[in-house]
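Chemist: Dumping the structure here so I can ask a few things about it.
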Amino acid sequence: MALLNVDQLSVTFGGRGRKDSIAVDGVSFTVDQGQVVGLVGESGCGKSVTSLALMGLLPEKGVKVGGRVEFDGQDLLTISRRKLRDMRGSQLAMIFQDPLSSLNPVIPIGIQVTEILQRHRGLKGEAARKEAADLLDRVGIPDPRRRLKEYPHQLSGGMRQRALIAMAVACAPRLLIADEPTTALDVTIQAQILELLKELVDQEGTALLMITHDLGVVAGICDEVNVLYAGRAVESAGRRELFAAPTHPYAHGLLGSIPRLDAPRGEPLRPIRGSINDKIAWADGCAFAPRCDYYTMECLTGTPELTEPRTAGHQVRCVNPVLPKAEVSA
Amino acid sequence: MLRLVVRRLLQLIPTLLGLSVLLFLWLNRLPGGPASAILGERATEAEVTRINRALGLDEPVYVQYWRFLKRIFELDLGTSTQTGQPVWDEFVLRFPATVELSVAAIVIAVLVGIPLGYLAARHRGGWLDVASVSGSLIGICIPVFFLALMLKGIFAVELGLFPSYGRLSTGLDATDITGFATLDGLLTGELDATWDAIMHLVLPAVALASIPLAVIVRMTRASVLEVLGEDYIRTAESKGLDKRVVRGRHVLRNALLPVVTAVGLLTGSLLSGAVLTESVFSFGGIGSFIRTSIDARDYPVLVGFILFIAMVYVLINLLVDLAYSIIDPRVRVH
Amino acid sequence: MTTLTKRADKIDRLAELTQQTESTSGASLWREALRRLRNSKMAIIGAVVIGLFVVMAIVGPWVAPYSPTAQTWRGEVFANQGKFVGMRGENWFGLDHLGRDLFSRMLVGARQTLLVGVVSMLIGLVIGAVVGILSGAAATLGGKVGQRIDTVIMRITDLMLSLPSLLLAVSVAAVMGQSLTTVMIAVGVVQIPVFARLLRGSMLAQGGADYVLAAKALGIRKKRIVLTQILPNSLSPVIVQATLSLATAIIEAAALSYLGLGNPDPAIPEWGVMLSQAQRFFDNEPMMAAYPAVGIIITALGFTLLGEAMREALDPKLRG
């Protein structure tokens with residue numbers, strides 16, 4: 001039994017008088033203890049909405065959430081708000097994309113760390129401050145006692161993200177969700193933050209759900225990868241399988257659009273055509289078809305199912321998967 | 001902190017100098033000039049010349065300006081043509097009443113406005129939100145003096161719940177120490193006097209509070225709505241903090257920052273409103289005095305008042321800036 | 001790739017950037033704002049109120065049943081010992097203290113009230129806009145000297161802003177004497193620094209935008225950048241403020257009349273003046289004050305509602 005079991009999660013936004021828009025359209029995946037699972041896709045593919053739905057952080061008004069999110073045997077979508085509040089920060093924790101805007105600008109870092117210790121571990125006063133300093137020290141912030149008194153704007157970008165990570169791991173959560181944790185940071189800092197996350201997972205056995213658009217991050221840290229497109233998983237595989245043999249044309253295109261050092265000089269880059277706005281409803285066919293180099297008329301007749309055209313456990317949602325020529329002719 | 005205060009005070013100097021030039025020019029442009037202001041409109045040619053010489057008005061403009069400036073520094077704002085008393089003394093005598101009224105109005109506006117704005121934002125689109133937004137729009141659109149007249153007509157004249165004019169009932173033997181009627185009663189133990197002063201304060205203060213209240217409700221509401229959408233609120237929620245902590249420490253504290261600035265800026269309109277409100281209720285503060293000075297064309301009083309108000313306004317905004325630098329670490333000076 | 005084609009590519013890219021902002025924040029911004037306005041209850045109510053008020057101001061003098069200034073029923077009012085004559089068949093709103101028909105006075109007064117509002121707003125808008133554009137243009141494109149000019153101008157507007165509006169108006173009125181023109185100028189002067197600051201601020205914000213940088217890099221003349229790029233994109237807050245200031249102008253004008261700075265008894269009635277006259281009789285005859293007061297409040301509310309709705313419609317943060 002996996003620690004987190006997401007089954008047919010769907011999120012629909014609908015406002016007064018506005019047409020419903022489906023942000024997440026039946027996403028399923030699992031995360032085991034100590035495992036790092038990636039949700040990958042362009043902005044707008046539903047990966048961030050998925051993470052907010054898991055945490056119960058979506059606004060209550062105008063949002064419909066369907067499916068099941070089983071965490072440790074409990075359905076997070078149906079348990080009481082209060083119970084979920086108790087679990088947030090202690091069992092489930094989250095790290096956000098922009099560390100500056102994610103920290104309260106007018107409250108010292110120290111209070112922002114100790115408040116979570118007080119809430120879930122009942123630590124107060126000097127005990128809480130000591131623990132907070134230890135936490136900052138653990139995530140690699142030098143001179144933690146002084147930093148506790150400082151405000152977010154006095155810290156560098158990397159320090160801020162470290163502080164956010166310190167808050168997230170303060171109560172040793174069993175599942176950590178990281179939503180683009182490195183996107184707003186410099187490349188050198190990115191690597192340090194990823195290293196830090198990896199360490200935490202290895203030492204504590206924390207499960208990590210990594211949400212990113214950056215395939216470099218995926219290659220560096222994830223065990224399992226789910227590629228999302230227009231609110232649905234289009235390819236799920238282990239990291240090695242995915243990078244060795246991207247089979248959905250979208251995943252294939254994503255990997256193909258990375259500039260490579262070993263490519264012949266002068267060979268043009270191959271970006272995916274169009275943008276995520278050029279899509280059709282999943283009910284009518286494959287949402288990726290308008291941008292796909294491989295699409296046929298079959299792509300436009302109903303939702304394609306997840307199949308395993310290559311190896312067991314490597315799921316692809318496509319009727320014209322990208323397969324090596326040898327295999328096709330065989 | 002001290003350096004900030006000194007720097008801000010130094011920045012005041014050019015502002016006040018500029019203001020004094022404007023006022024000086026204004027005074028010289030008045031119909032008939034200062035001479036006819038002193039002598040009245042029916043002065044003869046010879047008298048005007050005599051007065052002009054006596055006042056040094058035949059000297060070059062820069063000499064006149066220098067003299068004008070020197071007098072301001074000595075707090076010599078001239079003599080009121082109505083009362084024959086020095087303008088400065090008249091102000092000192094009446095200032096406490098206006099301060100009392102303005103403070104009462106701002107207290108009402110803040111105590112009612114912030115909770116109302118906060119609740120309106122929290123229940124966006126609900127009846128309380130609709131009511132407070134439309135209420136504040138109407139509040140901005142009612143002329144202050146008309147509101148004062150209505151309050152007086154209904155609650156003082158018709159219902160007789162509150163006194164309709166003055167600061168204290170006649171015949172009440174109250175000791176005057178500070179000039180603040182409510183405070184004096186407390187200091188001397190004459191609680192009936194304090195109660196009487198408060199009753200006199202209610203209607204004018206409510207009328208004067210209308211515009212600041214409307215502004216504060218709207219600002220608080222908009223500010224809370226903005227903060228509720230901020231990433232750090234999502235972070236606070238993701239930490240599973242108590243609702244109370246999220247609202248108090250994270251939402252309100254950030255949302256009130258722009259409101260603090262607004263309260264400072266409101267003091268200007270508050271003083272304008274005081275002129276109107278005080279004259280409706282014959283409150284006997286600076287506002288009432290200005291009203292009669294306008295009718296009497298008492299220019300020394302008007303010039304003195306503008307200079308005085310400008311100073312008060314600038315000082316209040318300095319205080320607000322300082323307060324802001326304390327509550328918002330981002331602008332704090334190191 | 002030769003350096004020549006590289007440069008051409010770069011210019012194309014810059015032109016594209018310039019184009020992009022023009023199409024997203026130019027015409028379509030206004031179309032989008034209009035669409036939002038049509039869906040806003042606030043805007044519709046405001047527009048209807050303003051529409052009625054303007055129609056009243058235009059046709060009022062022709063449809064008024066009686067002369068607004070003739071003291072037709074003077075004898076009746078005086079025989080009544082100055083007591084107010086209320087609503088009745090021939091005088092829908094009753095009579096004022098001099099025996100004039102209040103309904104006719106309200107109808108005719110609308111025009112003067114609109115005139116006061118529009119003229120004082122225009123005074124503030126035109127002078128404020130000139131000052132603001134100079135200041136904004138100097139600050140964004142004028143280099144060091146420009147920035148100094150900007151600082152001086154802004155110091156002066158700060159000075160004006162630091163005075164309570166009513167006192168600024170009183171000072172103007174004291175120099176110019178009592179008349180409706182005085183009131184309009186006085187109220188208009190108060191608005192100058194507001195418009196100047198607003199236009200400068202939004203020009204500064206626009207001046208730092210990528211498309212201005214792109215236009216500069218393309219070598220477009222500074223004057224042209226200001227006129228064709230920065231200014232059109234800076235106008236929306238000014239239009240909002242103009243609508244809102246029509247409301248404040250009408251209210252402030254009434255306050256000045258109350259303080260005795262308006263025309264004591266003009267040949268043509270004006271709501272603010274009517275209200276200030278009626279306040280003397282308020283304790284006995286509140287209705288006499290109520291008509292002009294309600295007129296002022298509803299009109300001001302109309303402009304405020306439309307202005308606020310426009311502000312919301314143009315707010316890029318709310319655009320979704």
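For all residues, glycine too, the Cβ spot is worked out from N, Cα and C.
Straight from TrEMBL, here's the annotation block:
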- B:95-324: domain 'ABC transmembrane type-1' (DOMAIN)
- B:9-27: transmembrane segment (TRANSMEM)
- B:101-121: transmembrane segment (TRANSMEM)
- B:133-155: transmembrane segment (TRANSMEM)
- B:197-217: transmembrane segment (TRANSMEM)
- B:255-281: transmembrane segment (TRANSMEM)
- B:301-324: transmembrane segment (TRANSMEM)
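Please go over these features one by one and say how buried each is and what sits next to it.
Modeler: Proximity of distant same-chain residues to the transmembrane segment (B:9-27), defined by a Cβ-Cβ separation under 8 Å and at least 6 residues beyond the stretch ends, is recorded for 34, 64-65, 68-69, 72, 299, 303, 306-307, 310-311, 314, 318.
For the transmembrane segment (B:101-121), the residues of the chain that approach it from at least six positions outside its boundaries are 128-129, 132-133, 201, 204-206, 208-209, 212-225, 228, 252, 255-256, 259, 263, 266-267, 270-271, 273-274, 277-278, 283, 285, 287, judged by C-beta separation under 8 angstroms.
Residues 100-102, 104-106, 108-110, 112-114, 116-117, 120, 132-133, 135-137, 139-140, 142, 144, 147-148, 151-152, 155-156, 162-164, 166-169, 174, 181-182, 184-185, 259, 262-263, 266, 269-270, 273-274, 277-278, 280-281, 283 of the same chain, all 6+ positions outside the transmembrane segment (B:197-217), place their C-beta atoms under 8 angstroms from a C-beta of that stretch.
Within its own chain, the transmembrane segment (B:255-281) is flanked in space by residues 97-98, 101-102, 105-106, 109-110, 114, 117-118, 144-145, 148-149, 152, 164-166, 203-204, 207-208, 211-212, 215-216, 219-220, 223-224, 226-227, 287-288, 290-291, 309, 312-313, 316-317, 319-321, 323-324, 327-328, which lie at least six positions past its ends and keep a Cβ under 8 Å from the stretch.
Below 8 angstroms of C-beta separation, residues 1, 4-5, 8-9, 12, 15-16, 19-20, 23, 26-27, 72, 77-78, 80-82, 87-88, 90-91, 257, 260-261, 263-265, 267-268, 271, 286, 289-290, 293-294, 331 of the same chain, each at least six residues beyond the ends of the transmembrane segment (B:301-324), sit close to that stretch.
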Chemist: Restricting to the same chain and to residues at least six past its boundaries, which positions have a Cβ under 8 Å from a Cβ of the transmembrane segment (B:133-155)?
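Modeler: Same-chain contacts beyond the flanks: 120, 161-162, 164, 203-204, 206-208, 210-211, 213-215, 217-218, 221, 273, 276-277, 279-281.
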